[in-house]
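Scroll down for the structure; my scribbles are underneath it.
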């Protein structure tokens, strides 16, 4: 039934349907079971809460209290380990504990990013908001692509990520020992951006596979993985926009 609905969506008959109706049909996600859609709704609600908590962590670190680098690092690692090692049982007490730990992880991750955000705000205060909006747009776009397609691309993407990671490592070594080169630096940043996008597709499709085929409906764990995909993409876009702003400022001074 689901595959038939999906085939109908891409059939030539769909050309006669208005665009808004096509979008409505697509967003019904008929290729996914009802149980999977319910789980995904909870996952993305948890992710939204995590992003909001991280934002609070950034503001807390900027305006109230900023711990040292070592303490922040220990807090991030410690909270992540606590979250990952807490039993994934479904009883109420454990779920409350894991939800608290999940928000602690996102909060301290936000704290750890505050210094970087302040640095880029000094260049141009609009960079951070633009980077966040761009991150949301890219993340949502590739998430929808991953959910709407019937083809499970995670095996192909996994091998591509492995090759890309090796390429990024080689580029990093070249930058470290070969001196600064503008084209090489741009290639390095674009490679990291590509890997961030591929991780969104890979992790989303792996999540759907585990929910549908393995019955792994651990909402908080899936949200935890996607949260770091979002944060990594945000940091990369932030760096790209800041680099572009610096370049424009240098041109205007000449």
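Note that Cβ sites are derived from N, Cα and C of the backbone, with glycine treated the same way.
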Membrane_side_equal(residue 184, residue 212) from Swiss-Prot: no
Range annotated as transmembrane segment in Swiss-Prot, from 22-42, 127-147: 127-147
Ranked first among 99-119, 127-147, 188-208 for CB pairs under 8 angstroms with the transmembrane segment (153-173): 188-208
Model confidence over the topological domain 'Cytoplasmic' (209-217) (mean pLDDT, whole number): 88
Same-chain residues near the topological domain 'Cytoplasmic' (88-98), Cβ under 8 Å, at least 6 residues beyond its ends: 218, 220-221
